[in-house]
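Worksheet: one structure, shown below.
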Amino acid sequence: MAWVTSEELLATVVPYAVFWTYSGIYVMLESRLEKYKLHSKKEEEEKNLVSRKAVFKAVVIHQILSIAMNLCVFAATREKIGQESPRKQLTLLVLAKQVIIAILVIDTWSFFLHWYSHQNKFLYRLIHIPHHRLVVPYSFGAHYMHPIEGILDTMGGTLAVLLSGMSPRTSMFFVSFTMIKVVDDHCGMRLPGNPFNLLSNNSAYHDVHHQLYGTKYNFSVYLDIWDKILGTYMPYTLEKTPDGRLEVRKADQEEKKHD
């Protein structure tokens with residue numbers, strides 16, 4: 001019995017290839033689409049406390065650890081379930097059920113991990129503060145985090161796949177989508193026609209959390225359900241700056257401006 005099958009290897013590696021492809025597109029477009037950025041290049045240089053080179057290195061380390069962890073999980077669960085067990089036919093109904101369960105699991109895990117890392121000062125200083133060195137987030141900075149937080153974050157996706165009963169092939173598509181979503185949330189841009197802008201939880205929503213005034217709000221990664229239930233949702237507005245960009249503002253800032 002092989003330690004890892006080709007399907008499991010693809011399910012583990014392809015999502016990270018999608019991550020770098022999608023984030024790379026944003027990096028290449030940045031200079032050409034300056035007017036769609038939520039922050040200027042000058043703001044990034046002044047506010048961010050870590051260089052892009054250091055972020056890149058940390059992201060690669062995080063993803064190598066995540067790949068190793070997921071391969072081990074695939075091997076362990078395959079041994080337990082049995083490699084020769086017959087596969088259930090994947091119908092649209094079964095697929096929809098798996099996706100809904102996976103989204104709810106990963107959203108709940110990510111929210112409470114994120115929320116508690118802000119509530120607990122020790123955990124915040126130990127593992128979460130590196131991510132907030134990016135006051136002005138950008139695409140591949142989505143995976144910039146302490147290695148311990150990286151492992152905990154990866155566990156959320158792993159649990160979502162296991163509890164939903166997804167096959168490696170199905171998980172490859174689902175996890176690839178989550179990679180696209182997390183990159184888009186951190187892209188720091190508001191591109192016209194981007195379907196993610198239709199969601200309440202998007203790049204502007206998450207940009208609030210990275211600002212100093214919003215670090216105790218907008219913790220959600222995929223949905224905004226838990227933020228609204230626990231009162232950590234911060235409404236925002238988008239306003240044009242003199243140079244034509246869109247800027248995210250707290251809703252109360254906008255109200256005060258017109259008083």
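Heads up, the Cβ atoms here are built off N, Cα and C, so glycines get one too.
Here TrEMBL flags 13-33 (among others) as transmembrane segment.
According to TrEMBL, the feature transmembrane segment maps to 54-76 (among others).
Panel annotation: around the transmembrane segment (96-116), residues 123, 128, 149, 152-153, 155-157, 159-161, 163-166, 170, 174, 178, 219-223, 225-227, 230, 232 of the same chain, lying at least six beyond its termini, place a Cβ under 8 Å from a Cβ of the stretch. Among the features that TrEMBL reports, transmembrane segment is placed at 96-116 (among others).
Mean model confidence of the domain 'Fatty acid hydroxylase' (100-232) amounts to 95 (pLDDT, 0 to 100 scale). Annotation source TrEMBL lists domain 'Fatty acid hydroxylase' at 100-232.
In terms of DSSP helix, strand and coil, the domain 'Fatty acid hydroxylase' (100-232) has 96 helix, 1 strand, 36 coil.
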